[in-house]
Amino acid sequence: MRLPGWLWLSSAVLAACRAVEEHNLTEGLEDASAQAACPARLEGSGRCEGSQCPFQLTLPTLTIQLPRQLGSMEEVLKEVRTLKEAVDSLKKSCQDCKLQADDHRDPGGNGGNGAETAEDSRVQELESQVNKLSSELKNAKDQIQGLQGRLETLHLVNMNNIENYVDNKVANLTVVVNSLDGKCSKCPSQEHMQSQPVQHLIYKDCSDHYVLGRRSSGAYRVTPDHRNSSFEVYCDMETMGGGWTVLQARLDGSTNFTREWKDYKAGFGNLEREFWLGNDKIHLLTKSKEMILRIDLEDFNGLTLYALYDQFYVANEFLKYRLHIGNYNGTAGDALRFSRHYNHDLRFFTTPDRDNDRYPSGNCGLYYSSGWWFDSCLSANLNGKYYHQKYKGVRNGIFWGTWPGINQAQPGGYKSSFKQAKMMIRPKNFKP
């Protein structure tokens, strides 16, 4: 049943009065006049037209406490409006894209544009050709890479073969040149013979002193090449028949072997104790005659072993004092030709300030604190630091990789050291 308009308004006024009363009670108002009469008034505001009459409802000021959650309603409404605008924009963009696609697909709605159809066909044909060319280009690149790999392999093989061939030829020529040089040095020039009819003997190495009757080990002067100055060497006249020219000696650690290129070139130390004779002098000695090399080693347990090589030659400084050794014999093991990657034969001389080794990531001479014919890096190094006992850390001491038990040390553990080491040479044809 529908209530008449005036009855509905009366109900609204009554509800408003009750709300005001509750508000006054809540605020603690005790004014009798406020409790006696309802401040809400309903009264006519004009003439009636039929069953419809205008009314005016007057309400006092009313404060209602709203929940806190309604405070963020305005922000939420703003976000909703923003999202609605974004959605409307996307819808419009999609509609535009669809219209453009329809225009390109069927302009004018009749599908009769033959020019654009032909153009599309040409574009597809060009794309097909581009894809085909790209595939062929990729195949060509793969083939080029394969050929480059084969070429590098062949290049390395050829370079190794050429290097071995050249080394063999150089070794043979060295023997011949040394032989001829030895013969020529014994034949004085005619001018020299006329000026000095009585000749003094030239001692090219310690074996010449031995042949002439000297049997005491010590320092002697030699002239391996009459075109260069004479110099002193230490001669071992006792070991294995005598006549040995000592190139290097380690006895007590009194000489520092962590030296630069210039020091190893000229030589250093004390001939009576520890020394390196000098690469220039070693070159002259090994150039004048075909030499053999003997290495004597002794550890701190009293074990003494030796290594003998039937050929020994050191090139000049221009060739970086390259080492040439022959076949091995002895008891200490062939540490100079330990393996493929640790082979000191045919290697250049390296010092901490001159990197000529085969190690790609650093300087072996700098890492092992010495000058030597390093490979990548070492299986032998007689110029390492002198340790008076076993040591830890980098294996930078005197080292001979084939010594009994020397490689049994655990990584980071103690490493063996040597009490004595000596390198000496003698002519291959020497007979005590």
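Each Cβ is built from the backbone N, Cα and C atoms, and glycine gets one as well.
Listed in Swiss-Prot:
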- 71-157: coiled coil (COILED)
- CYS206-CYS235: disulfide bond (DISULFID)
- CYS364-CYS377: disulfide bond (DISULFID)
- 197-429: domain 'Fibrinogen C-terminal' (DOMAIN)
- ASN24: N-linked glycosylation site (CARBOHYD)
- ASN172: N-linked glycosylation site (CARBOHYD)
- ASN228: N-linked glycosylation site (CARBOHYD)
- ASN256: N-linked glycosylation site (CARBOHYD)
- ASN329: N-linked glycosylation site (CARBOHYD)
- 100-122: region 'Disordered' (REGION)
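Sequence features annotated in Swiss-Prot and their locations in the structure.
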residue	record	Cβ neighbours (10 Å)
CYS206	disulfide bond	29
ASN228	N-linked glycosylation site	11
CYS235	disulfide bond	28
ASN256	N-linked glycosylation site	14
ASN329	N-linked glycosylation site	13
CYS364	disulfide bond	23
CYS377	disulfide bond	20
Legend entry - Length of the line joining the Cα atoms of ASN228 (N-linked glycosylation site) and CYS235 (disulfide bond), in Å: 20
Legend entry - Nearest recorded site to ASN256 (N-linked glycosylation site) by CA-CA distance, among recorded positions CYS206, CYS235, ASN329, CYS364, CYS377: CYS364
Legend entry - Cα proximity to CYS364 (disulfide bond), best match among recorded positions CYS206, CYS235, ASN329: ASN329
Inset, instruction - Pop the Cα-Cα gap between ASN329 (N-linked glycosylation site) and CYS235 (disulfide bond) into the table, whole Å please. - result: 22
Legend entry - Secondary structure of CYS364 (disulfide bond) (DSSP, helix/strand/coil): helix
